[in-house]
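Take a look at the structure below.
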Amino acid sequence: MKTARIQELEKLILHHKELYYTGHAEISDEKYDKLESELKSLDPENPVLQLVGFKQAESTAKVEHQRKMLSLDKTYDETDLAKWIGKHEVVSVFKIDGSSCSLIYENGHLVTAKTRGDGQFGENITKKAVFIPDIPKHVGNKGRFEVRGEVYCIEKNFFTLSKEMQDMGLEAPTSQRNIVAGLLGRKENIQLCRHLSFQAFDIIDDEVFSKEHQKLDSLKGLGFITPDYEIHKSGKDLKERIAEAKTFMSSGDYLIDGLVVVYDDLKLHAELGETSHHPRYKIAFKFAGETKVAKINEIEWGVSRNGTLTPVALIEPTELSGAMIGRVTLHNFGMVQNFQLKAGDKIEIIRSGEVIPKFLGVVERSNGEYTHPTNCPSCASKLVIQDIWLQCENDICPAKIKEEILNYIFKANIEDVSDKRLDEMINKGIVAGIPDLYRLKHDDFLLLDKVKDKLATKMFDNIQKTKHQSLAQFISAIGVEGVSIAKSEKIIAQGYNTLEKIQDLTVDKMLQIEGFAEKSSESILASLRKKRPLIDELLSVGVVVKADETSSGEGPLKGLSFCLTGALSQPRPQIEKLIKQNGGIIAGVSKNLSYLVTNDEDSTSSKYVKATSLKVPIIKEDQLMKMLEG
Ligand SMILES: NC(=O)c1ccc[n+]([C@@H]2O[C@H](COP(=O)([O-])OP(=O)(O)OC[C@H]3O[C@@H](n4cnc5c(N)ncnc54)[C@H](O)[C@@H]3O)[C@@H](O)[C@H]2O)c1
Ligand SMILES: [Zn+2]
C-alpha cells in the first residue's frame, strides 16, 4: 500500500518536473534531487522514478525518437565516480545545463529538430532550430544521421534576450537556465531563438566508431561546435578536470552543472546497454550545492587582472554547507544590472563543492535605489561598459597590474612574497610590473617592513630561482587566458615545445589537437598575442623558458601531422611516440591533416571515410617508416 508520504512525493516530483521542463523551475536541483532520493528510499521501484523528462500536453506536435533519448545516471560523490570508472578509459566533457535536442540530417540537410520530451516522443522544434546559429543547416554530403546535443544560453546573450523581451512587452525570463526550455516551448516570437547556442555531444549513424571521442572528432569535422573533451586513463585521473569544471561553473560564460563521464570504448557500450531511464556507460558527476537566502549589506567592486570589474556581495554572515559565508560573487556587471542588485536585497545563494558561493536569484527587493560605479575604484578612470562587463581600460591601472603580478608570483611558485609584501613593494615604488621582480637587488628588500639581511637574501634567492621555468608553467604564470596547465601540456605534447613554436600557433593548427574547440583556440591565441611585449621583457631580464624535450618538434617529420587508424604492426601508442620523436604531431582527421596512416585499403572506419572525402593523402605503415628514415 502506498503511504501518504509516497503519494505526496509522487505529486511533488511530477509538479516540479512540469515546471522545470516548461522553463519555470521553482526549486533548486539539489532540493528536487532530494525528493527523488527520498522516494527512492521509500519505494525503489516507483514508476515516477523511471520517467525521463516530462510528457507534454496532448496538443503539442509530437515526433517519435527512433532511439530513445534517455536521462543520465548521476552521482555527487567523487569516490563513487572513481569506483564507477575503475580501470576503464573514459572521456569527460562539461555537462551543459540547457535542454537536450535531437537533429536529423538527410543528404546533408537538416530536416527535423526535436526536444527530448519524455524520451520516446519529443516536440518538433525544427522551425526554432533554424534560428539557432550554431545548428548547421547543411553539412557535408552524408546519408541520414542524427546528432544529439544541448541547446543553451550564454550569459551575454541572456542579457540581450532579457532586454529584447522586455522591450517587446514580454515577461522577462527569470534565469539563464529557465530561458532555454521557455523559448523552445514558445509558439510565437520564435526568432528569439537566435540568441541560443548549441553544442553537439553525440552522433548516431552507420559509420563505425570504436571510441566515444571519435564521435566528438567526427562532429567537429562536420562543422558542429563540440565540447572540449579529455581522456582519462582511470578514476584517479580526474582531480584536475573536476577542479577545472568547478572553476568554469563559477566563472564560465554558460551554465554547467557537472561533468559527463563516458567509457571511451564503444564495445563496452554495446555490452552494458541501457536501463529504461539511463545508459549504463555514461554518468553525470554533479556538484552538490546547498542554497540559502541571505541579505546584501554592501556591494564591493574589485578589479581583475584583465581590467574587468568583479562585483561581490558582502552579506550578513550566513551558514552554508558547513561554512560561515560573508562574501558572495555576483558574477559580473550584467547580472547586477539585470537584477538591479543593491544593499538590502535578499538573494538566494549557492555553494557547490569548494567553489566560492554565488548568487542565484533575487528573493526580496529592498526599497533603496540602484546604482553602479562609473569610475574605477583603483585608478578612478572612467569605466567602459562592454556587453555584460564593466571595464577599466587603463593599462597602468594599479589594481590590474597588482593582480597580474600576484598571479605570476603564485603560478611561478615564488615563495615568501605574500599579497601584503607585494603591496609594500608597489607602494615603495620598487615593483611596477612582473619583470621588475627580477630587477630587484638584495638591498631593495631591506626597504620593506621588518625585513633584515637574512630574509632579504631569502626573498632575493626565491625570486631568482624562478628564472628557469618550464614552458607550461610560464604560460600559466604570465596569465594567458583559457589555458590550464593540463591544456598547455597537451599543446606542448604535440611538438609545440618551445616558446617560439607556441607563439607561431594558428587556430587551424590548434584545431588539429585532440579536444580543442574553435572558440577556445581563438581566445587562447588572442591572449598570447597580447602578452608578447611582456614575454619579450621577461626574456630580456633573464627569464629562461625551457623547451620540453619529450616532444622534439625536430626531425624528418617536422611540420607534418598524422592520424592512425586500423590495426598496425605495433601498438598505436608506440607508433605515435615514434612520430613525435621525429618531429611530427598526432592529429584528428581534418582538411589540414598531412597523412592518414592505415594498412587496410578498404577500411570502413570513420576516420578513413572522412579522410577520403576530404582528399587527405592516405599512406601505409611501411611508407611512414620510410619517411622516418628521412
Ligand atoms: N529544479 C527542479 O524543479 C527540477 C525538476 C525536475 C528535474 N530537475 C533536475 O533535472 C535533472 C533530471 O533531469 P534530466 O533527466 O534532464 O537529467 P540531467 O539534466 O541531470 O542529465 C541528462 C541531460 O544532460 C544533458 N547533457 C549535457 N551534456 C551532456 C553530454 N555530454 N552527454 C549526455 N547528456 C548531456 C542532456 O540534456 C541530458 O538530457 C535532475 O538532476 C534535477 O536536478 C530539477
Ligand atoms: Zn583602474
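Cβ atoms here come from the backbone N, Cα and C positions, even for glycine.
The 10 Å shell around the Cβ of Leu72 (NAD(+) binding site) contains 19 further Cβ atoms across the protein chains shown. Under the three-state DSSP scheme, Leu72 (NAD(+) binding site) falls in the coil class. The feature NAD(+) binding site is assigned by TrEMBL to Asp29, Glu30, Lys31, Tyr32, Asp33, Ser71, Leu72, Arg116, Glu150, Lys286.
The active site, N6-AMP-lysine intermediate annotation in TrEMBL covers Lys95. For Lys95 (active site, N6-AMP-lysine intermediate), the Cβ neighbour count at a 10 Å cut-off comes to 24, with all displayed protein chains included.
As annotated by TrEMBL, Zn(2+) binding site applies to Cys376, Cys379, Cys392, Cys397. Within 10 Å of the C-beta of Cys397 (Zn(2+) binding site) we count 19 further C-beta atoms, all protein chains included.
According to TrEMBL, the domain 'BRCT' annotation covers 552-630.
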If I take the alpha carbons of Asp33 (NAD(+) binding site) and Lys95 (active site, N6-AMP-lysine intermediate), what is the distance between them in whole Å? 17
Annotated recorded positions Lys31, Asp33, Lys95, filtered by Cβ under 6 Å to ligand 1: Asp33, Lys95
Helix, strand and coil totals (DSSP H, G, I; E, B; other) for the domain 'BRCT' (552-630): 26 helix, 12 strand, 41 coil
Taking only the recorded positions Lys31, Lys95, Glu150, which one has a CA atom nearest to the CA atom of Cys379 (Zn(2+) binding site)? Lys95
Candidates near ligand 2 among the recorded positions Lys31, Lys95, Cys376, Cys379, Cys392, Cys397, judged by a Cβ under 6 angstroms: Cys376, Cys379, Cys392, Cys397
Between Lys31 (NAD(+) binding site) and Lys95 (active site, N6-AMP-lysine intermediate), how many Å separate their Cα atoms? 19
